[in-house]
């Protein structure tokens, strides 16, 4: 036999010489690394076209959304049915997923046939048959009375709008391909069931099940086999976010960022995209790489009256033998260059051409060699072997089976042809995979990507050299990606069950999370109730009889007017509220173009002075004022001063403030219970360097109102939403019972942060509010402030995240030590997380800072939702409080409609992307008779303090009190 002589006479020189001749003949099928990188770049462009709303309709690579939003996280559990329908046989499975201690999956399955008359009959009969088989399976297992969720691997072209709604575009027996309808009407793959095209297959199956009436199921997911592969492997490896099939056909899917999927609404989280990459090149972008052999494949696949019969060896249920089929000669160009359906035929066409050119078999063809489909792709697996001798023996056997009489040289040449065809297929597959990997890496903004690719398909599984070349080329083209290939073991049936299990887990977890988050959501009725209670407390605070008992103190500020534009002169402002303080010179000019010029200098207060005597503290302050005046060239000048003194004080007039207690680390002796203005003036007299002819004690909320009032005369409300929160407004003197006199108005400092201290907010407080309050420095105090202000929102979010994690609803139930640290989740994170479309990256970065290095994209989406809910409630509560204020002003003035401006300051209001708009929407809804304009304040504690002093000086000169 030739086999023995072949092995005896085999020599390296002969092999190399013959291989070289074939290499030269097939040089166009051998692609350089540069060419492959170019293919990768081209495919990335095609992906972008498919993702873009405007270019998707004409894109060759359709990038179809699958509505699969998450991969398995290992916590899935339960019993699930799977139905794997993709050919003349289909499979029903019961999949038991366990997560108690370790991940485990048990499966029972049965294969059922679909008779040809049903494949070509009516759709209702086909689905009745499927329902009968399902009933038979359930009865055999004794679970007919259970209503189990079902995953449906439906490997036919579908247009999906959600997981359980697939509209059939046409019948075909392969995997999902997005064709235009006109092409598909004339092309089938054995199925011709009537009345199904354009219909919802889930509804048809449910209808058949209902017709039987003896069992029921929940169909949760309809997927294709590529997605099933990713999900199957994703259960075993949580890094798996790509699915690849290289078998009879080829396709890939991967987890894409929602923000890139323009064909869908929403930009948060991820969704699996079915690339349908087999159609890559259908628009001509691969024409320069296609050979005459590739074009002949196309021509042979569309010969009228001629059937392509490919023997599909080693093909699973989701890769049925493709008989009585033809595809358009302009379709699936990429698939025809790499998939098992065409690889063997490509080798045959090359052998035929080389024989006709007398390069093989002494120029003698046979009828078998000339028969379409006679060179099976499975032959390549045996011939293209890493053991050359075995491969050559296989080549001889195959060639003799085609009635050829091969020489040693013919066998060597045939082996080399198989190697070149297989290598090109593997390398082209690698190039497109690289584009997907780079897309994922760029989405994550990762310097190095670690990921896993789940793989299935007869070519990948059975052709070891193909998989080896694929792995090697991927790693060569993307050295900055750590890629693992994981072979799918249980096919698309387990994948369908895993998609269903994930959907089931997500639904159950989402229901529980929403139940918890609903406690932080306020209805319109609740917000109206907050407004009503705030209004009642305001009235109680203004009344002499109830003032002591109320939570909202409504303190008189003795500021009797807002600026009218006639204020002018030079004023000093002193802003003291911490270990550093500011001295400012504020120059106010009146007239048509009234304006304010400011100069300031920052001074520090040493620790020993903060905790020394009051005399030392105020002497230091006066020394700094003198230094500032000298710095400004105004030494010895006597000026009025506005003193923003951010410590608790009792005020009985504008130029007096009795210190109630020190906070913020101050402990200067001899000050508590004393008038801070008296202490300041005494220090000025001791220095005898300058004089203060008038000093006003200023609250920063009032300063905010006055700053904005200087620009807008309609500004009569001040609001601060920053670290803390407060509001003030111009109240009618007749309503302020704590101050004598009924004429005119006075600004009232509400101190509304304490609203709720008497239980007014108890029925709106959640478990998270109680935890934050109990762990604060002042339990039971400032309850409204703890639900609204920046000092506490991050801590509320942290406690929600802790609760979710403890319940297994977040971070796979694993807490980091840093997240347990009180105050670690800063309120500024809320603003950063909600700022823009790139928020998911921002969330991941913040979570990594919190020690949650293995957090997923799903975790990021949930963290963002928690931040959004907490911030929204704060803005709505603030809006409800403000609605009470403006409505009181309207009622005070007996107006049907009020037009007013609110001056606002505070980091939360200014930096959070949605707080201001939500607050304003709430205000407009709850106080529809008030037209409110908002104006951001600049430096209420500096400029505002000076303007309060300027207004007081103006009124004094006008003889008003």
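Glycine is treated like the rest: Cβ placed from N, Cα and C.
These numbers come from a predicted model, not from an experiment.
Copied over from TrEMBL:
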- 22-173: domain 'Hexokinase N-terminal' (DOMAIN)
- 180-235: domain 'Hexokinase N-terminal' (DOMAIN)
- 241-308: domain 'Hexokinase C-terminal' (DOMAIN)
- 329-502: domain 'Hexokinase C-terminal' (DOMAIN)
- 514-710: domain 'Hexokinase N-terminal' (DOMAIN)
- 717-951: domain 'Hexokinase C-terminal' (DOMAIN)
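Counting Cβ pairs closer than 8 Å to the domain 'Hexokinase C-terminal' (241-308), the top stretch among 329-502, 514-710, 717-951 is 329-502. With pairs at least 6 apart in sequence, the domain 'Hexokinase N-terminal' (514-710) and the domain 'Hexokinase N-terminal' (22-173) have fewer than 3 Cβ pairs within the 8 Å limit; the two do not touch. Mean model confidence of the domain 'Hexokinase C-terminal' (241-308) amounts to 83 (pLDDT, 0 to 100 scale). Helix, strand and coil residue tallies for the domain 'Hexokinase C-terminal' (241-308), in that order: 15 helix, 20 strand, 33 coil [DSSP].
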